Structure formats: C-alpha cells, structure tokens
Amino acid sequence: MLKFTEEHEWLKIDGDVATVGITEHAAGQLGDLVFVELPEAGASFSKGDSAATVESVKAASDVYCPLDGEIVEVNQAIVDDPSLVNSDPQGAAWFFKLKLADPDAANALLDEAAYKEFVA
C-alpha cells in the first residue's frame, strides 16, 4: 500500500513496517541535496516529529515522521550520496523503515490520487 502526507513524505506499507521517503515533488522543490541526516535505528517517534534533515543548495528542511513508530532501519546510501534523493526519490532513496505502532492509522493518510491533487 502506498500512502502520502501533506508534508510530502511517501510510505510504502508492508504489514506493520512502512518504508518512508520524500516525494518527487519535494525533491524537485528542494533542488540538489548536499546533506542528509537520518535518525538512529531503535529511536521512537510520534507522528509529526522531525525524524530526519535534508539540506540542499536552496534550503534545509525537516523530514517528519508520518505515523507513530520505531525506526528499524535507515538508508545509509543517501547519507553517503545525497544526490540519490534527487535521482530516485520514490525508489532507492528511501530514508527509513518505521515499525508502526498502529498500522491502521495509515488509512487516514492520502492515497496517490489525493496527493497528486494536493500538489497540483
């Protein structure tokens, strides 16, 4: 299941684990990324908490935790090469995997059609 937030994060949900990243729209707005800071595996976040930071030549921005949960894995590849976020934001450049405290809460997030309408 693919879901989106109004803060421009995407979530690919598989059971009780969501892979989280920023959308193509967000990556395009930020421009070329030069730095990514990710949370530590094992850290717990509530929905809306700042979980990661990205810096581009234009601005620094927070990446928010889309739902309550615990970080179970981070993508070291985007720390080593932030430009991956620009080239494949909704694929290889995921940010972290989140074990969801309440997987059903994802139903309240936007689906792809609603997100496309939101950014149109």
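Just so you know, glycine gets a Cβ as well, placed from its N, Cα and C.
Annotated domain 'Lipoyl-binding' per Swiss-Prot: 17-99, in sequence order. Residues annotated as N6-lipoyllysine in Swiss-Prot: Lys58.
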Neighbour count (Cβ, 10 Å) for the residue listed as 'N6-lipoyllysine': 11
Within the domain 'Lipoyl-binding' (17-99), residues counted as helix, strand or coil by DSSP: 17 helix, 35 strand, 31 coil
Mean of the pLDDT scores, which run from 0 to 100, over the domain 'Lipoyl-binding' (17-99): 97
